[in-house]
Amino acid sequence: MPTDAQLLARISSDATGESLRALYRAYAGELYGFALNALGDRGTAEEIVQEVFTRAWRHAEAYDPTRGSVRTWLYQIARHAIIDQRRRASVRPALALHEPRDEQDPEGLSIERAMLGWQVAAALEKLTPEHRQVIRLAHVQGLSVKEIAERLELPEGTVKSRTWYALRSLRLVLEEMGVRA
């Protein structure tokens, strides 16, 4: 069985995601408890856990074993994510973007759901800035076509076509990554 440090070292080159899944299984529960205790909101705590593993995946090379264990490093990432969340919450009210809970997974800590979130985040980074922007406005912030058009100072028809092409591009990138809808 590989050590946590070995799993972390393999994350960026592991196309199957097994290394990340193993670390997630080992630490997601306790990180969730840490975030829930700090923030008092289940949905936000879930987002923090996802953010921790997204950052760990993107910046696995930043881990320095001489400065502590993988567990300590993950908690440090969680602490920073919690601080970031508190800053955001103090600047603007939190958006209610939480999905309904799955009865089989009441805490929302499904590994597959988290992996899909990371894969979508990675796929979004491969899109053009215009496509990324319109997807975030429509599907993350929940703005209407009219609201997006006003914000971007574009005709509504342009917003509709840009959204359609952005979603098509996202679907193609996800398929290239091996993610099937």
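Quick reminder: no glycine exception, Cβ is built from N, Cα and C everywhere.
Annotation comment: TrEMBL describes 23-90 as domain 'RNA polymerase sigma-70 region 2'. When pLDDT values are averaged over the domain 'RNA polymerase sigma-70 region 2' (23-90), the model yields 88.
Taken from TrEMBL, the feature domain 'RNA polymerase sigma-70 region 4' applies to 123-171.
Each residue of the domain 'RNA polymerase sigma-70 region 4' (123-171) gets a DSSP state, and the totals for helix, strand and coil are 39 helix, 0 strand, 10 coil. Secondary structure counts, DSSP: the domain 'RNA polymerase sigma-70 region 2' (23-90) has 61 helix, 0 strand, 7 coil.
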